[in-house]
Amino acid sequence: MKRVYIMVLDSFGIGSSADAERFGDVGSDTLGHIAQACAAGTADKGRSGSLHLPNLSRLGLGKAAEASTGTFPAGLDENADIIGAYAHASEISSGKDTPSGHWEIAGVPVLFDWGYFKDEENSFPQELLDKLVKRANLPGYLGNCHSSGTVILDQLAEEHMKTGKPIFYTSADSVFQIACHEETFGLDKLYELCEIAREELTEGDYNIGRVIARPFIGDKPGNFERTGNRHDLAVEPPAPTILKKLVDEKGGEVVSVGKIADIYAQVGITKKVKATGIDALFDATLKEMDSAGDNTIVFTNFVDFDSAYGHRRDIPGYAAALELFDRRLPELMSRVTGDDILILTADHGCDPSWHGTDHTRENVPVLIYGPKVKPGSYGHRETFADIGQTVAAYFGLSPMDYGKSIL
């Protein structure tokens with residue numbers, strides 16, 4: 001029975017890539033800087049001491065990071081018995097965003113340039129805004145700027161609740177984000193607005209990767225919080241991914257846990273499972289692994305590393321989340337039997353010690369585990385697409401256009 005379990009630790013980079021200068025990210029190192037802070041005792045909020053990741057270490061995380069940066073992460077076990085295949089991979093996609101990283105993992109790198117809203121203030125074209133107001137019958141809008149999602153809620157959420165005007169904002173990514181209160185504005189109404197925005201952006205040829213619904217609750221600054229009802233409206237990948245090929249060529253199953261389905265615009269997904277938070281995502285993944293049949297991919301995105309800790313530049317929070325993931329990892333590994341393959345990786349970096357709030361251009365770990373996987377170093381992978389090619393070869397799919405099989 002052939003089954004692949006892909007776990008994306010969203011934003012878990014292991015050192016700046018060779019082209020990081022193009023992004024202003026030379027020296028960024030998500031894992032390395034978290035480990036440094038823990039070892040120095042400056043990440044003791046809600047946890048304490050050196051970063052403790054014994055299970056990831058046995059899969060080769062520390063050695064992959066050392067190969068990427070030249071430095072072994074502070075506090076991790078240098079003498080761990082390696083039980084998995086490990087490598088570090090660089091991205092060839094033009095951006096450092098979520099769709100680019102995920103599509104490349106699935107064998108389809110983004111070699112075109114996304115469109116971006118580059119102006120910090122008055123970020124969106126007036127023509128686009130006027131169309132949204134007219135089509136969605138809005139009383140107006142707030143924001144129209146670059147911002148962190150949590151900061152803008154403290155600034156504008158009260159006014160939004162009073163006026164019914166949605167909050168429009170963007171970032172360094174190719175995104176149009178809309179924040180609205182779940183109760184005063186309504187979740188369905190927010191989703192409808194996002195559908196309209198997606199249509200206008202596509203028809204207007206803006207080449208924007210995602211429209212993101214950002215629902216929130218709360219009643220005053222300091223207690224506004226985003227809910228788990230986020231919804232991403234992405235464009236479709238420009239070529240068939242390993243997900244679509246498994247379904248089309250083998251009649252296989254692809255189970256999305258978390259936001260995977262949204263990232264691939266639902267293409268190549270046969271089942272969607274919603275879950276919010278690391279524990280809930282883990283529980284949902286284990287349940288799907290228990291029922292997975294032949295020719296199945298279970299694909300989970302652990303978004304909290306990125307959204308709750310990376311973008312918010314929360315080093316102790318990121319460290320605690322990694323330690324939680326590591327504690328639960330044996331539950332997952334014990335379900336990897338026979339011909340099964342488990343792949344742990346990331347889609348980009350988001351160094352919580354870095355300036356600003358955006359992603360960082362980094363290499364990512366590629367950790368592969370299975371009863372028939374030969375442990376050891378598999379070197380530097382020149383593209384995330386090596387993961388996709390590995391999966392294609394494993395299932396006997398037609399080869400992908402990019403990448404070389406790792407195993």
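Positions of Cβ are set from backbone N, Cα and C atoms, glycine also.
Residues annotated as Mn(2+) 1 binding site in Swiss-Prot, with sequence analysis given as evidence: Asp10, Asp347, His348. The Mn(2+) 2 binding site annotation in Swiss-Prot covers Asp306, His311, His359 and is backed by sequence analysis.
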Under a criterion of Cβ-Cβ distance under 8 Å and sequence separation of at least 6, what residues of the same chain contact His359 (Mn(2+) 2 binding site)?
Ser11, Lys96, Asp97, Ala172, Asp173, Asp306, Gly310, His348, Gly349, Cys350
Winner by Cβ contact number (other Cβ atoms within 10 Å) across the binding-site residues Asp10, Asp306, Asp347:
Asp347
I need the CA-to-CA distance for His311 (Mn(2+) 2 binding site) versus Asp10 (Mn(2+) 1 binding site), whole Å please.
11
8 Å Cβ shell about Asp10, Asp347, His348 centroid, Mn(2+) 1 site members excluded:
Val8, Leu9, Ser11, Phe12, Thr98, Gly101, His102, Asp306, Ala346, Gly349, Cys350, His359, Val364
If you count other C-beta atoms within 10 angstroms, which of the binding-site residues His311, His348 is the most crowded?
His348
With a radius of 8 angstroms around the mean position of the C-beta atoms of Asp306, His311, His359, what other residues of the same chain does the Mn(2+) 2 site pick up?
Asp10, Ser11, Ser307, Gly310, His348, Cys350, Thr357, Asp358
